[in-house]
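Listed in TrEMBL:
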type	residues	note
ACT_SITE	Asp294	active site, proton donor/acceptor
BINDING	Glu143, His211, His232	Zn(2+) binding site
BINDING	Ala154, Asn235, Ala236, Arg243, His272, Leu328, Ser329, Gly330	substrate binding site
DOMAIN	62-401	domain 'Amidohydrolase-related'
Amino acid sequence: MPSNKSVSDAPIVQFTNCRILRDHQLQREDLWVREGKILNPEKLFFDEKGSADVQLDCKDSIIAPGFIDVQINGGFGVDFSLATDDFKSGIDLVSQKILSHGVTSFCPTLVTSPPSVYHQVLPQITVRNGGAHGAGILGAHLEGPFISKEKKGAHPEHCLRTFEAGAFQDLLATYGSLDCVQIVTLAPEMRRSSEVIQELTKRGICVSLGHSVANLSQAEEAVQHGATFITHLFNAMLPFHHRDPGIVGLLTSDKIPAGRRVFYGMISDGIHTNPAALRIAHRAHPKGLVLVTDAIAGMGLAPGRHTLGQQVVEIDGLNTYIAGTKTLSGSVATMDTCVRHFQEATGCSVETALEAASLHPAQLLGIEHKKGTLNYDSDADFLMLNDNLYVQATYIAGEEVWRQDASGM
């Protein structure tokens, strides 16, 4: 093999004095990065006879893959379900601000809305890589409007829809386009949902079950047709019942097709799910747990009145309710907070907590070959954290995009 410089002139950065999360374990190794990718140092030494151009001392930090949030409705005063003239600058603001929470990629999420909102907003969401400008956008998550009236939660009832004779065409007409769509949440008990699930899956779109009164056999049928995710487990679905556990029963179902894994989102904010429920789910199906924030426009802002799509919501401490009710409506938790709460509530290992916000969402979306791990040749999107899992710095494509300053800001 030729020398290092003829392979690439790009500088090689060696992160030293760190513990890297690789193969489900924190390993005391250096991390090598070139051209936005993670390098195999053995190939570099033996094939290229290369060495590092820059060495960075990580001062014994943990280095973990960047967090991936597949359900975030907005934040910092920005609501992804509102069609505004400056929607693009709003999404840019959120993608910039969540870098400090360790999020390097996300799926902007729209709650149930009128068709006009989807038609205006979706063309303004573009899949893009992250960088100094903010976290990468993986595609939209459309939560509704094809969901159950009984389990609508914070979704406006007048906007809910059912599938008519041309079920998939109804969905296309409602959304306008699926070009930038990554996940669709629907209620599987709806008539004709099976054909919709098959059509979406065929297009590489992840189908999630949620806001639903489905029984277990309806949920299993949806998985057999291609559904792979459960939207915020326990919230907005029938509660677990020993004779028919409903969607929750998918966690231990023996009717899941061979080679398929069902993932489930959990809002680990200490409010949406009791710590005991978090422990039950995690112990039943640890490899499927995906931490999501379900954050709303009020995340990062003072308590008071904010929006979630067509509804007004009130923030009271860490609780968010539809104004004038006690109906929970999204959260104001940040992803790093969810990771810390999950680890504390379940007593799981640091590795497990970090993978629930990185590896598992990447596996759900089928992008684990480039995101969610620190494997060789994957994207160098990673975090430096202290032992208490507070984010100290965020890197995208090997470049530092956020660092906590000395004042702790």
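From the backbone N, Cα and C atoms, a Cβ is placed for every residue, glycine too.
Curation does not apply to TrEMBL; its annotations are automatic.
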Task: Ala154 (substrate binding site), number of other Cβ atoms within 10 Å - done: 24
- [ ] Based on Cβ atoms within 10 Å, give me the single least packed residue among the binding-site residues Asn235, Ser329.
- [x] Asn235
- [ ] For the recorded Zn(2+) site, whose residues are Glu143, His211, His232, find every other residue on that chain with a C-beta no more than 8 angstroms from the centre of their C-beta atoms, and list them by sequence position.
- [x] Gln71, Gly144, Ile147, Gly153, His155, Thr185, Ser208, Gly210, Thr231, Asn235, Ala236
TODO: Would you mind sorting out which of Asn235, Ala236, Arg243, His272, Leu328, Ser329 (the binding-site residues) have a C-alpha within 10 A of the one on His211 (Zn(2+) binding site)?
DONE: Asn235, Ala236
TODO: Select the most exposed residue of Arg243, Gly330, where exposure means the fewest other Cβ atoms within 10 Å, treating these as the binding-site residues.
DONE: Arg243
- [ ] Starting from the Cβ of Leu328 (substrate binding site), draw a 10 Å sphere and report how many other Cβ atoms land inside it.
- [x] 20
- [ ] Rounded to the nearest Å, what's the C-alpha distance separating Glu143 (Zn(2+) binding site) and Ala154 (substrate binding site)? Just drop the number here, would you?
- [x] 11
